[in-house]
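Student: Have a look at the structure that comes next, please.
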Amino acid sequence: MAGNRTFTMIKPGAVRKNYEGAILKMINDAGFKIRAMKLTRMSTTQAGAFYEVHKGKPFYDNLVKFMSSGPIVAAILEKENAIEDFRKLIGATNPENAAEGTVRKLFACSVTENAVHGADSDENATREADFFFSTFERFYDYE
Ligand code: IDP
């Protein structure tokens, strides 16, 4: 994703609690532009494939069950240094360790139900964006 794009999901728990508007506002206020976005729901098979890298870990089954439990907001975001800046904005994986003012500190309730996903590398951002979006659903050249 050429270093200036990342992929995010607002997870089912946060959507269930109507936090998506507040989270998207934080994302925009931090300087990210939304280049693709949809409300959708993953099947257990899709959630299993999305988190394939964690297969075999003790939290995998629970994570897959949670991530397929309801709608998510998937989005591609653009900003210089997107991957790193977005990981900073969302905070540590475990909300107990997340810095004050981060999305996870404000909106997460546990390590599994941690409000948002953020890609951790350019390679994964590309893979994850391709998982959800066709080229017709992306607006990279739009100003
Ligand atoms: P990240 O989402 O901060 O990149 P990853 O290590 O990629 O963290 O893990 C993916 C997701 O799996 C996390 O967001 C979290 O929901 C869940 N997860 C990670 N580690 C644990 C754990 O130790 N217990 C329960 N769930 C976990």
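Glycine is no exception: its Cβ is also placed from the backbone N, Cα and C atoms.
Automated prediction, rather than curation, is the source of TrEMBL annotations.
Pulled these from TrEMBL:
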type: ACT_SITE; residues: HIS117; note: active site, pros-phosphohistidine intermediate
type: BINDING; residues: LYS11, PHE59, ARG87, THR93, ARG104, ASN114; note: ATP binding site
type: DOMAIN; residues: 3-140; note: domain 'Nucleoside diphosphate kinase-like'
Student: Taking each of the binding-site residues THR93, ASN114 in turn and counting other Cβ atoms within 10 Å of its Cβ, which one has the fewest?
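Tutor: Comparing Cβ neighbours within 10 Å for the binding-site residues THR93, ASN114, THR93 has the fewest.
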Student: I want to verify one value. Collapsing DSSP to three states, which class is ARG87 (ATP binding site)?
Tutor: helix
Student: May I have the DSSP-based helix, strand and coil counts for the residues of the domain 'Nucleoside diphosphate kinase-like' (3-140)?
Tutor: 64 helix, 24 strand, 50 coil
Student: LYS11, ARG87, ARG104, HIS117: which of these recorded positions has the highest Cβ count within 10 Å of its own Cβ?
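Tutor: Output for this query is LYS11.
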Student: Could you list, ordered by sequence, which of these binding-site residues: PHE59, ARG87, THR93, ARG104, have a Cβ under 6 Å from ligand 1?
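Tutor: The binding-site residues passing the 6 Å Cβ test are PHE59, THR93.
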